[in-house]
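A.B. asks: Got a structure for you, questions after.
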Amino acid sequence: MASPLYSVVLGLAIVSAIVAPTSSTSRGTLLHHGQKRPQPGLRVDLEQVDSGKNLTKYELIKRAIKRGERRMRSINAMLQSSSGIETPVYAGDGEYLMNVAIGTPDSSFSAIMDTGSDLIWTQCEPCTQCFSQPTPIFNPQDSSSFSTLPCESQYCQDLPSETCNNNECQYTYGYGDGSTTQGYMATETFTFETSSVPNIAFGCGEDNQGFGQGNGAGLIGMGWGPLSLPSQLGVGQFSYCMTSYGSSSPSTLALGSAASGVPEGSPSTTLIHSSLNPTYYYITLQGITVGGDNLGIPSSTFQLQDDGTGGMIIDSGTTLTYLPQDAYNAVAQAFTDQINLPTVDESSSGLSTCFQQPSDGSTVQVPEISMQFDGGVLNLGEQNILISPAEGVICLAMGSSSQLGISIFGNIQQQETQVLYDLQNLAVSFVPTQCGAS
């Protein structure tokens, strides 16, 4: 899929409910940025986009890597052109779906959960062009709580690109893989399992081209901008816990009071906001060690520059961790030197540092990789370091980014870890755990 579905990814308990509007013709009373919703506590299951498909574990891995590679390139393209394009371009693809329902009575659909996008959108009837989705396309005429957004509304003004037609706020989003969604902005009641939240601003997509590669019917933006779900709910924190690829257990997303705190001493990193790229969550990486050896990569390698280049983004929808070429080369060389296995070529899978496992089944001593954040050291587990694209082959789950120097902390390095975004205190914390455990 594509990225506002840009490009991506809740078991649920909301502690506060709000009464939905009863008129389908009224504009509705919107909560603008100065107003606070009651702090909800939301917990929702997530599933990997290829879940339920008849694919081998190796096929799952290869598909995820290809999506992540496209997404990384799209993020780079967006950052390169962030200074003056009329129609924004967002990252394509995503990895985790969440089930939601929309309207009164409600209509269920799955959407990509994406920390690299702000807009919430789904396909709407009548469609000029819509892609195939596994659930019925939402028809606003069937809902009593639906209301279009006028052009003067704050949420319309928050769009990076909008037009006005008969006081109807229209949007156009383009994705790095060539996909586009066009439609109009509205508000509607969204239901997460059994709890409903009214007046959520979203895009009603009537012309959606190039999507349909996953199971989703839209996108739930979890980025830092005012149109995202965390911003609209007014929550100060959210967290997710993603299970490893191939796990039968669901991943989870929690918002507000349901996003539990972290144990004292857990590794953390400062969140940095970029005025040039306000959607993304930038984190502060200072160095990397392999097998206990500090590689001497300058911290400036991962710093966000004044012109919007560089920096490290934490992203739910990118599969591998991507580093600037010199940093990646240093990690790959140190890892290769220490693992002491013969190398193999798996470049066709999008992986550059791969090894042949011992034919006798003997145990491989995997060098530990540690990410040195400004708030502590995150020691990656073996499942966060290695990935297997083929029988008897293991690969370093990292890659090199483009000449732009952007770094992305991908979802393999975040799996089996509770990742907490504290938006009030500007920090991300990491708690290694078994995400699928009840």
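Placement of Cβ uses the backbone N, Cα and C atoms for every residue, glycine included.
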A.B. asks: Considering the candidates Cys354, Cys435, which is the cysteine that Swiss-Prot reports in a disulfide bond with Cys395?
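C.D. replies: Recorded partner, per Swiss-Prot: Cys354.
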A.B. asks: Spatially, which candidate from the disulfide-bonded residues Cys124, Cys130, Cys395, Cys435 is nearest to Cys169 (disulfide bond), comparing Cα atoms?
C.D. replies: Cys124
A.B. asks: Averaged over the domain 'Peptidase A1' (96-431), what pLDDT does the predicted model reach?
C.D. replies: 91
A.B. asks: Can you tell me how many other Cβ atoms are located within 10 Å of the Cβ belonging to Cys204 (disulfide bond)?
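C.D. replies: If we count other Cβ atoms within 10 Å of Cys204 (disulfide bond), we arrive at 24.
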A.B. asks: Give me the non-local Cβ neighbours of Cys395 (disulfide bond): same chain, 6+ apart in sequence, Cβ-Cβ under 8 Å, ordered along the sequence.
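C.D. replies: When sequence neighbours closer than 6 are ignored, Cys395 (disulfide bond) has Glu346, Ser349, Leu351, Ser352, Thr353, Cys354, Phe355, Leu386, Ile387, Ser388, Pro389 within Cβ distance under 8 Å.
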A.B. asks: Based on Cα coordinates, which of the following recorded positions are within 10 Å of Asp315 (active site): Asn54, Asp114, Cys151, Cys241, Cys435?
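C.D. replies: Cα within 10 Å of Asp315 (active site): Asp114.
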